[in-house]
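Per TrEMBL, these features apply:
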type     : residues : note
DOMAIN   : 1-258    : domain 'F-BAR'
COILED   : 149-180  : coiled coil
REGION   : 288-310  : region 'Disordered'
DOMAIN   : 332-409  : domain 'REM-1'
COILED   : 339-399  : coiled coil
REGION   : 417-478  : region 'Disordered'
COMPBIAS : 431-440  : compositional bias 'Polar residues'
COMPBIAS : 466-476  : compositional bias 'Acidic residues'
DOMAIN   : 478-539  : domain 'SH3'
Amino acid sequence: LQDQFDNLEKHTQWGIDVLEKYIKFVKERTEIELSYAKQLRNLSKKYQPKKNSKEEEEYRYTSTRAFVATLNEMNDYAGQHEVISENMTSLITGELSRYVQELKQERKSHFHDGRKAQQHIETCWKQLEASKRRFERDCKEADRAQQYFEKMDADINVTKADVEKARQQAQLRHQMAEDSKAEYSSTLQKFNSEQHDHYYTHIPNIFQKIQEMEERRIVRIGESMKTFAEVDRQVIPIIGKCLDEITKAAESVDHKNDSQLVIEAYKSGFEPPGDVDFEDFTQPMKRTISESSLSNSRGDGRSEPKFGGKSKGKLWPFIKKNKGAGPEDFSNLPPEQRRKKLQQKVDELNRDIQKEMDQRDALTKMKDVYIKNPQMGDAASVDQRLAELGQNIEKLRLEVQKFEGWLAEVEGRLPARTEQPRRQSGLYEAQNPSAVNSCAQDRESPDGSYTEEQSQETGMKVPATDFDDEFDDEEPLPTIGTCKALYTFEGQNEGTISVAEGEMLYVIEEDKGDGWTRIRRNEDEEGYVPTSYVEVYLDKNAKGA
């Protein structure tokens, strides 16, 4: 390849370009890995349960816990892609970038030496050509001088001095030709030696170095490709572990356990309704109403068409609704739900007491320090705060006792509370204005609440005027606005009402923080729907709006 110097220079430059292209490829791969990892982390963060939110309660189910485990493993999975990016950057991109700079310098040095050797042999060749041309010229000059001398010597008219002069000139030219010949011979011998060294020593050595440089480049790019695969292979076990954990989380989903949690969360503690008693209107007897016909049942709408109709919302025509927050003792809730709420309230108050006691202990220690070291502070400055904490603790303890009493009542440790007898109202009153028969009944509120009412059966006929006076405050709630159903809702529980998407209804009670809004379709159909299922438009001048 001694005559392919220029082609070798082009090829080695192409090799460096290939190396730089591969570096760019790996760099873009690392950017993709980082972007992918970032998107995975954002995705995992987006679907993580929010702290102190309603969503957090949903994650007590095994299926949702498995989902959280999947999100956490996806976060770790994203971390492995970051590791791939970091390792490729340090082991491939960084190393090859430094190697390319070294390779460029080495290539530049080798081709500089090659060009220098090429220039040297060209210089030697030029010197040889110059010596050859000088020898040729001197030979020609010697021949002309010899011919001129012979001509002068043969001419009888030329003086002896001119002949002698021509003879000396001829000898001089011959001597110069001999000197040029010797110089040409020496230059030729030197050039041949230089040319031999150039083609058999210098150039082969330079080309050998270039070949070694090129082979190192090829080996290096091959090793980088192997590293490219190894970086991925190193994280495969960890990625596999992440996937194994996701599989394990999926296998931990227990449908029976989740179903039991739903039952525990929503069971009301009410018994199913009894049979409806036959009411014989053919006999001239006072009409009585079976306790079971007005009890807390899901069949009220079927047993008393005048109460149910198409809506499941008006199953409690005799309950006086609270226009505001629920009662403090949660008596508006079913027994089981009430017990849970009371227990939560007791636990919350106990935590507050512990917090206040911790503050009191800290201030007491601070006061002791001030007493022992007056220069650090005035001990009397904390007395007022200590007194306030003592009062707060006493108030909280009284609250705990109150709620524990209610809790004991619910759990059956104390006799059940009784309320004053109430008379029936609602549609039955409208149909029988001259007489009202009351009966003991347990009633649910639309959100699963209930009240316990006891009364004695009486055969007395109550004048309608007395009845109306006693139940003036039992009038239907006024409308405070309208709402539009955003989604279809099947009201299958007591107190709820079914609505169709796009339906317009009246709002009679706002959401009190429990996620339910009370609405009315007509005089006989009212109930509760999830607040998130409707868009409410409140009247500005409505009471309580």
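Heads up, the Cβ atoms here are built off N, Cα and C, so glycines get one too.
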Count the residues of the domain 'REM-1' (332-409) that DSSP assigns to helix (H, G, I), to strand (E, B) and to coil, and report the three numbers in that order.
72 helix, 0 strand, 6 coil
Please count the residues of the domain 'SH3' (478-539) that DSSP assigns to helix (H, G, I), strand (E, B) and coil.
3 helix, 29 strand, 30 coil
If you average the pLDDT over the coiled coil (149-180), what number do you get?
83
